[in-house]
Amino acid sequence: MTTKIIYFMVNGKLEQAELGADCSAADVKDLFRVAAEAGPHHILKMYNTNGSVVNISPRLEANSVDSYYRLEVVASDLQNSLILFLSAGVAMPLELDSMEYRLRHLENKVTEDVGKTPDIICELKTQVESFKRKLESVEHLSWMGLFRYDCDQQLSKSSQKPKLPQMSVQEEHQRVRMKFFNMSSLQVTEEVREHLKTPIFDNWQWEEAEMLVLLQVMYTDLDFLTAFNMEVEVLQNFLFEVYCHYNNIPFHNFQHCFCVTQMMYGLIWLTDLRSKLGRIDLLIMLTSALCHDLDHPGYNNVYQINAQTDLALRYNDISPLENHHCAVAFGILAKPECNILKNLTTEQYKLIRGGMIKCILATDMARHNEILNKFKVLQPVFDFTNKDHKEVLMKIMVKVSDISNEARPMAVAEPWLDCLLQEFFNQSDTEKLKGLPVTPFMDRDKVSKPSSQTNFIRFVLLPLFSELTKLFPCLEQHILEPVRGALEYYSNLERATKEEGATAKP
């Protein structure tokens, strides 16, 4: 059997792991979880020699002693406790499933070395299973979510359990909910908190429940909980409901929502907006970014209007999607258990609601030139104390965050372009089937990857990012230079594609 050796540093010690060709993703993750002595709800990340996060998976590249990876627990239990004492005087190990992981891992290793499972391990397994059954049968414990039911927890290949059918949307939501709420008390490391404030943050290395934890960190570190008297549980319910209201579509999904919110969060810190705008303004911008594409169906406004959908009819063809995103956002906030604004005054609520509606409606690209031109006029004489000036800036910040993928490293940005084109092509295919006008830049027969980006970067991104950089020169290196680099990359790719096509012609 082909194996590869992975060298990694954990807890100050250099370790090595041998990964077989048939290792599953769950096996690999839990091997490293055991090595880090981490619990099932802790968040692990692996870093390469450059300090970049690498995916903990069977595709992890083999290395040498000199180029070892660094394995860290980046979010751990705040209370650092294995025992939960209940009011009835019952003590229960919170890390029961962690014990199971370790036991299964030990069983696998011993079985590989010896050829059979020793009696003492069989006895330990029986005792753990018996204890778990007893706890699960106690009704007043099981409702607290102290057990993990998701199928990816089942690590051992030797268990021979049948594969579970694919989860429904509701089951997947509940899996993420359980994982998020179990992780919600974790303390994220300072290194990750600082990385979260930068445009180079890599969303692809984080699971959905982990992203929810990081969103909670954003609201906490901007001091929104204290400033607006938000309850932690209500914030968590709100974040989870937002997650549930993003659809499983190629681009306008929860990961996109996270990226836009994370970019907004990073821009707030990079431009020191905390000292220039009020706390309410920051809350409006961050929450607008979070909610800006809620319940996006994967078909844009042009399609909605041409197909005369319910949304287009409801909003009279005026920014139907953006109006819908706003309505869904305030529908979530209307639920008492999700209302992060419930402790504000009526005036504060009106201000936030009005600001969010303006910011989300500004993401309609049909209004792009109108908003950018307003900002161009104001930019040379911009006044942070002027209400109208601030309003335009807040719209610009949300717009920049929304279309900021090309400001990220190419390894992060390019997969997003693939997702976007997939969604575009899905729409144009549907338009052709229904006999609707085909949106030109979405037609798979006419659009190439490089050509789609060169025009977008040249005529949309660069003018927008350049204007914002004039107000905040510090952003040149963080977002403007990467976008210029992306334009050069796709221009070269487009040129090479044309040359190749010309050569191929007889």
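Note that Cβ sites are derived from N, Cα and C of the backbone, with glycine treated the same way.
These features come from TrEMBL:
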DOMAIN    165-497  domain 'PDEase'
BINDING   HIS252, ASN253, PHE254, GLN255, HIS256, ASP293, ASP402, GLN453  AMP binding site
ACT_SITE  HIS252  active site, proton donor
BINDING   HIS256, HIS292, ASP293, ASP402  Zn(2+) 1 binding site
BINDING   ASP293  Zn(2+) 2 binding site
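Recorded residues HIS292 (Zn(2+) 1 binding site) and GLN453 (AMP binding site) have their alpha carbons 23 Å apart, per Cα-Cα distance. Looking only at other Cβ atoms within 10 Å, the busiest spot among the binding-site residues ASN253, GLN255, GLN453 turns out to be GLN453. Of the listed binding-site residues, namely HIS256, HIS292, the sparsest Cβ surroundings within 10 Å are found at HIS256.
Working note on the binding-site residues ASP293, ASP402: by count of other C-beta atoms within 10 Å of each C-beta, ASP293 ranks first.
Between the binding-site residues HIS252, PHE254, the minimum number of other C-beta atoms within 10 Å of a residue's C-beta occurs at PHE254.
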